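Please read the structure below before turning to the comments.
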């Protein structure tokens with residue numbers, strides 16, 4: 001049986017495999033009950049409403065298993081997962097290896113965000129997920145609405161500025177927000193694991209072919225707004241992409257994320273009880289644009305007149321990474337075998353940040369790591385999280 005991928009930047013072919021197989025194993029008990037309380041931690045469910053009406057789920061782990069339940073002096077940390085995943089991504093490994101539990105045991109007040117469209121974040125003030133309008137968004141809106149809503153809520157609840165950890169798409173959204181000087185009143189520091197800004201040099205053939213074939217555009221044009229597609233559409237797309245020269249679908253995880261070195265079979269199996277989570281097809285179109293063009297811009301409607309309606313200019317605005325305030329503490333963890341957050345793309349981001357205050361920018365390069373090792377690797381606690389905790393301690 002093929003080994004399916006646990007992948008936060010999963011492009012069209014991969015997720016279709018789940019749809020084609022009819023897999024729907026999302027845990028109905030919720031993240032707190034199924035993944036946190038079972039490990040002996042206290043967990044709270046919260047809800048946040050964005051300015052554009054989306055009602056998002058947020059879990060809180062206020063204390064470690066043996067620490068004081070008081071959160072009065074604890075610094076809050078907000079964790080943001082990547083694409084087609086939810087907050088379960090931070091909870092899959094055993095407590096001594098999973099970042100959310102490690103942070104709680106180290107005395108942090110841990111908050112777990114769930115992006116719009118995922119199981120915990122499918123509410124809206126006026127729209128149903130059956131309404132196509134519900135899905136008219138991309139990561140532009142995650143940066144513009146979701147992240148500020150999460151940050152403001154945690155800040156209001158705790159009275160503290162917030163440490164942030166994002167993985168994959170969770171790094172792109174915060175970089176976009178920071179490039180527009182958002183979050184400055186609520187952010188304490190930002191840790192970016194498998195950072196995604198530029199995508200023009202990804203090495204995954206499946207990702208490249210998916211983008212170059214405009215497969216997400218085709219789904220959108222056919223009226224499919226929620227991603228992954230169901231039924232025949234998913235099956236046909238999977239068949240097409242997996243039959244392309246140079247594509248090996250026998251091990252999706254390695255084919256898409258790169259050869260992860262350090263994920264146990266137990267963790268790999270467990271993640272599939274919680275993915276795939278839904279995103280919007282329009283979001284996939286946006287990511288495909290980035291892969292084809294190697295740029296970081298807002299969604300391109302491809303017709304100057306429509307861009308003018310949305311942006312008051314003929315082309316979509318650029319997210320200028322060099323505009324990020326130079327004194328924002330940043331931690332970048334990236335791997336030498338990552339097929340999605342490619343080293344060359346990360347270096348392009350670092351070049352944009354070349355004028356950043358040197359004492360505010362930490363790089364953690366792990367040669368043997370691929371994309372998923374940063375959140376699921378059995379040795380990430382030493383390779384990544386120990387330096388990350390040191391970084392937090394300095395800020």
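Even glycines carry a Cβ here, placed using N, Cα and C.
Annotated features, as they stand in TrEMBL:
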- 168: active site, nucleophile (ACT_SITE)
- 338: active site, charge relay system (ACT_SITE)
- 371: active site, charge relay system (ACT_SITE)
- 34-93: domain 'Partial AB-hydrolase lipase' (DOMAIN)
- 1-25: signal peptide (SIGNAL)
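Across the structure, residue 338 (active site, charge relay system) and residue 371 (active site, charge relay system) are spaced 5 Å apart at their Cα atoms.
Confidence for the domain 'Partial AB-hydrolase lipase' (34-93), expressed as mean pLDDT, is 92. Shown for the domain 'Partial AB-hydrolase lipase' (34-93): DSSP residue counts in helix, strand and coil, namely 10 helix, 19 strand, 31 coil. Packing around residue 371 (active site, charge relay system) is summarised by its Cβ count: 33 other Cβ atoms lie within 10 angstroms of its Cβ, all protein chains included.
Recorded residues residue 371 (active site, charge relay system) and residue 168 (active site, nucleophile) have their alpha carbons 8 Å apart, per Cα-Cα distance.
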